[in-house]
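Peer 1: Per Swiss-Prot, the features are:
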BINDING   L536, G537, T538, G539, S540, T541, S542, R543, A544, K564  ATP binding site
COMPBIAS  830-849  compositional bias 'Low complexity'
DOMAIN    195-490  domain 'Protein kinase 1'
DOMAIN    530-816  domain 'Protein kinase 2'
REGION    615-634  region 'Disordered'
REGION    821-861  region 'Disordered'
Amino acid sequence: MREGRWVTVTESEFEHERRGLEAIRQKLPDGDPWRAWSNFTFTANTGHVREVDLLVVAPGGLCMVELKDWHGSVTSENGTWVQTTPGGRRRTHGNPLHLVNRKAKELAGLLAQPGAKRVWVAEAVCFTDNGLRVRLPAHDQNGVYTVDELVDMLKQAPSDERRRVTAIGSREVAAALKNIGIRKSDAQYKVGPYELERKSFDSGPTWADYLARHSDLPEAARVRIYLSERGSDASLRQSVENAARREAAVLGRFKHPGAVQLKQYFPSGHAAGPALIFDYHPHTQKLDEYLVQYGEKLDILGRMALVRQLAETVRSAHASRIHHRALAARSVLVVPRSRGGKGRAVGEEAAWLTPQLQISDWQIATQRSGDSSQGQGMTRFAPTALSAMHLADDADAYLAPELTALNPDPVYLDVYGLGVLTYLLVTGKAPAASQAELLARLEAGEGLRPSSLVDGLSEDVDELVQAATAYRPGQRLSSVDEFLELLEVVEDSLTAPAAALDGPAEDETGASADKDPLEVVAGDLLAGRWEVRRRLGTGSTSRAFLVRDLEAETRRTRPLAVLKVALSDSRGEILVREAEAMRRLRPHSGIIRLAEPEPLHIGGRTVLALEYVGDERDDDGPGAEGATRPRRREETVARQLREHGRLPVDQLEAYGDYLFGAVDFLEGEGIWHRDIKPDNIAVRIRPNRTRELVLIDFSLAGYPAKNTDAGTDGYLDPFVDVITRGSYDSHAERYAVAVTLHQMASGELPKWGDGSVLPRMTDPKEWPYPTIAAEAFDPAVRDGLVAFFQKALHRDAGKRFPELKPMRDAWRKVFLDASQTVPSSHRTRPAAPADGAAPAEGAAAGIADAEPETAEQQRDRLAAEVTRDTPLTVSGLTPAAQSFLYGLGITTVGELLDYSRRKLVNAPGLGAKTRNEVQQRQREWGERLREAPVSPLTPKGRAEAKEELEQLTAAESALVGQLATGESAGALSARTLRSVSLDTLATVLVPAVNNNGSNRNKAEMVRLLLRLPDEHGVLPGIGVWPKQKDVADALGLSHGRIPQMLKDERKRWKAEPAVQALRDEIIELLASMGRVASAVEIADALAVRRGTHLAGREQRRAMALAAVRAVVEVEQLVPQEVEFQHQPNRKATDESLGAGLLALDVREDDAPDTPTAPGLLDYATRLGKTADRLARLDTLPTAATVLAELGALTVPPGAVDWDERRMVELAAAASVNAAATPRLEIYPRDLSLVRALRLTQAGLVRWIPGVPEGRQPGLTGEDVHERVRARFPELVVPDGRGGTAHELPTAGPLTKALRDAGFELSLSMREDTGTLRYLPTRVDEASSYLTTGAWRQSTRTGTVTRYADDPQLAGAVRAEERLLASAHRDGYRVLTVRQQLVRDAVRELGAERLGGQAVSVTELFLEALHGQVTPGTKPTWETLLKADAAEPGSKGAVRFAEYARTAWGSVEPRIAELLGDGGGGAGPVLLTEAGVFARYDAMGVLDRLASAARRGGRGLWLLVPQSDPSREPRLGQVAVPYQAGLGEWIQLPDTWVGNRHRGSGEVVASGVEGDAK
């Protein structure tokens, strides 16, 4: 193609790009309609400035091409593309097709002219290096080409002649491009003093991130530019501006090493919109990309350390009342650590294995702020319904289900985010491809269990993830503090085996001395004195550790202390200032003390030693391993408010009295705390169980009074720096006290104005004081508290209390007046001290003792005995719940059951734990004491549907009842329509019976067809997708009558706005699931999104399937308007699969390469048949076999964008009897329970050393069920009546199945809890099914574990475990070993326990080569040897290459034959002396052998000798390919080869069935 037709808008600055473009230009035709433009930019309607490498106009349409000059090989791991360079370095890339697709759609939108012919822009990625080995899965190869393949694709005729581009159309495109303003690619852009790179490296719907450099200083930065869409309405533009200001305001306030650091905010910094400048490390990676590159090198403890980093950052944000709300893999940045202990530099790998995580993307964060000057930004620009539009698409799978609800709890959103990120860190995989897919799995009962993907994982990790990610917020952990406590349990369980070893490590002190104090772990010793117990958390200036002072006895001090380690030298100065302030204080029981008067200097860090304030019970001596003493926790008043809501009146009086006493003491000492708030009031629990409050954190006490900004937003007096004051004073200190008291009394902060302006900008006449949360106060003290706070929080300091004493007297008077009047509510009383326990010295009166351990059991017993008339005082509710309910006028259980659940949830002053407790009891008692909802079609159900609509939105309250009565709902917004529950939808779909009963048959026909429960809650017994014939038979009507009646209902449904909104939602779900999904999968997603009051899983699914069925029926009304098709699966053995599949058809706005619905359904059918064939195999097929078999099927025409997991799931959904495990194995749904128990090793019993047998936790039946369900979620068992059931057996049948599976277990009662659990029948002979940690091992003293203190021994054990796990399975493994130890390694690998069959590849090759030489003929053997050393390209070298290829043709089938021998149970084929693969250009042979091993038969092990086994495997100078996601690389440390790990004990690996993987 000549210049002119090919327009080079900008000459590329890269030589490789110029070469690639020239290669394409030479091959393109030079005639109409062909045209091309290279290297230009355009500005999309969204505001994004897009860079385009090449745009080609061809007869088949327009194509946007992204050029990639990659070398080596490219693979895909968990959706991330990984390039392995010829030098062996791995580089991660996002799938470039996604961005090109987005840019193509944006350009097509610009080219679209009103009234003109629609222009389609396809997308393509072109690899310009023909030597690149592309090993992408089939779904990732759509749109990926070499130069020749690209040109061939462009020359193809259009699939639809209506879309052919003619010469005239080509000229119109050229004119349109000129009109939209394609232009030269500016090399740089500017924002303030920063010059931007020309391509953004990341982007979202409303923003783009650029790398930038300062024009004058040598510093790099990340610049985020927020973009406003052209022509968007004012609300959208305002939402974008607010997102930018919100992110800037949050990060301007929240300074923490675990959050990205904002450098500067330019509200008008760029022509496109606001700009934010962030600090940026050039090697920063996103979390999912980091795990692809370094995940294999992280052990489970390293992964948990990263989880802790994230959780501590989020906890610190929550302490500042900031909530991220949208945690996802892309919002976590990974930065290599720059230094180790004592400031020493660390190596590259060590820097990446202990990185710093930083949370980014705070654009939809919230801050529940008070009203200081900075805080108003967060209130003024609070997230709205439009906020989710600012999130990138790849965050979708990580977002909490309720994010888009009207008012979701931000704490629960962040807890959920931490849970899914924990799942990602542990498994290396995202929880799902999309949120819709994940919701469907959650509704189907498949919780997130990392152990379903990772062998040998601690059960505590599963518990942590499941407790954080329950899809009902009320069932999640209620705070990040609880998450961290459960994380500590996980860390304890992971490190427990190492603690069981006899004797301390000899070099313990020395090892700890060299460690960076910031990185110490439990057991480390600092400065020879402080023994680390655990890490408490990380703040903005320091990291805190709980330690035991080994010199406490001689110094006569408390045994426990807290060390605050400064995060940097500058932050160390803050600790020094804090110590100076605290040294001036005399001892006081209510004020935290220094354990050491001067700051310490340990390991190059400044360290402050403080007394420990927390749970001191049972700390004077180490408890027995496994003892059941209560877990220590650090409690603050803030945590108590978060979990239980406002304080009961008696506690409020006592806590307030304490606070006044502490502040009075500080005034006498001449000190201002300057940061008084509930977070800084700790609760000490003494050994005798009494409590006292302690004021902590004096880090701001030494700040100059002129610095009026120091403090926490919301508690800082917003009028402190007015002209009449100008510096911090006692009024400001008392203002913080008043705000803290207000929060204790109500659970809320006072608020100035409506949040639209700063507090000092409010009208003094209208706002002399803030809004007091009077409704949240206890009625007994409400009037007195309102008067108190109106004076204490007055904007004019002259009208406040002049001194602390009158303020304290007024506070006491509130409670004195309340005690002298007839109480209108119950008041709680503090618990009496335990017998013989005297109150702690200085403890405030009225602070209740710590609750006994059995309190929860006592409450459960009381709750089980209640009736409707039972008073709340004896109902088993906690005092906090009782106090709150009394405030609502509720005094009995019956009154609570009759109270509206919705009103209860929204009541002010209610804490998270208290809310969960009340809701749980309300559900529990409701099921037992009142009629549970059985069907929405009862009169009561229809009335509740009407009530639901009344509460959907206040703005639309005039439309009450329109849906429930079948009237027009056209005025309801789409957002409101999508909030309608499934119960209310059922009342829309099924007409109410007339008074005269004339439409009774029609109503019953609809109910039966949709399979909705009757008035007794019974579902029709005619299948999950009833046939019209069955409905007619059930009603006694003719078969022809049903279609007639149904036609009228279809018309009515089609006209209903609620059904239209439901149809749009289902189409969106289909699009997000790859255009095909099972009806059940769609239904499960709807059940989570919409909700239903029915409790049973079968009933919930039936309600959702009814909604899907109605939309399918409506779709069939007008065939010409069909946008999706339905295909039933009548032969399925599982009833739920009978509902069949839905497939999205090609629509008006879809791309030309979109596959049709019939094509997709046919493909799914073929996948289902293949899955059924795999399920019938005698051996459970591995993931590699499944993917190979399914991948071999012909894909329908068009782009099918399914990842491997989606393909396997759809194959199972379209099958008759197949199901898929989370590991992508295929199994029959009626798999034998005995075999399932054996495959999952569900009978392994956790045995805690040192704990008596009667108190061993053992293994409960529920534990066994969970282990089986985690691996085989769709397993069914015989029900004894000729059918099958999902419920797994219990008691005797389960015990028999366990014994048949090889686990000799028996049921017995646990003494301390009274629960039934399994224990080994004979403990002394049970070593084959005991586990003491993540992997089973011998219980003999001296056993070496993967948690051994010696990392070399631990590495050897890990290698042993992985070798044993793969020795008798198919698959491919690359083993790296030190070069000098090859012979010993071969001997160990060939030992009986591993059974490797050593095969010398060099010997086979030479034998095959020698076989081609006939004695007495030419060439001779000597001639061949000379040719081997000939110059490359010479005649001899070319001739030798021919002989080598022939030799490999003989070697490959010989090795393949070995792989096929012996079946899956034989030992692996061990390839040694394999360097000839690389030397004689036979890496392709190795690839084919590896692929064969992955498909079944014997395993293939490749031994690769190297100078350093920890380096990426290489044969000579050639990188050895392997799949990291399948764990195919195993490092063999010197300790493993030397058998040191087996010298002092025997490692017993979990024996699994040979076909497991």
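Cβ coordinates come from backbone N, Cα and C, glycine included.
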Peer 1: I'd like the number of other C-beta atoms within 10 A of the C-beta of A544 (ATP binding site), please.
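Peer 2: Summing over all protein chains shown, A544 (ATP binding site) has 18 other Cβ atoms within 10 Å.
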Peer 1: Which Cβ among the binding-site residues (T538, S540, S542) has the fewest C-beta neighbours inside 10 Å?
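Peer 2: Output over binding-site residues T538, S540, S542: least Cβ neighbours within 10 Å is S540.
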Peer 1: Give the mean pLDDT for the domain 'Protein kinase 2' (530-816) on the 0 to 100 scale.
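Peer 2: Result for the domain 'Protein kinase 2' (530-816): average pLDDT 85.
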Peer 1: Determine the C-alpha span of the ATP site listed in the record, that is the greatest distance between any two of L536, G537, T538, G539, S540, T541, S542, R543, A544, K564, in Å to the nearest whole number.
Peer 2: 14
Peer 1: Hey, for the ATP site built from L536, G537, T538, G539, S540, T541, S542, R543, A544, K564, who else sits with CB inside 8 A of the CB center?
Peer 2: V565, L567
Peer 1: Where does L536 (ATP binding site) sit by DSSP, helix, strand or coil?
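Peer 2: Once the DSSP labels are grouped into three classes, L536 (ATP binding site) ends up as strand.
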Peer 1: What's the number of neighbouring CB atoms sitting within 10 A of the CB on L536 (ATP binding site)?
Peer 2: 20
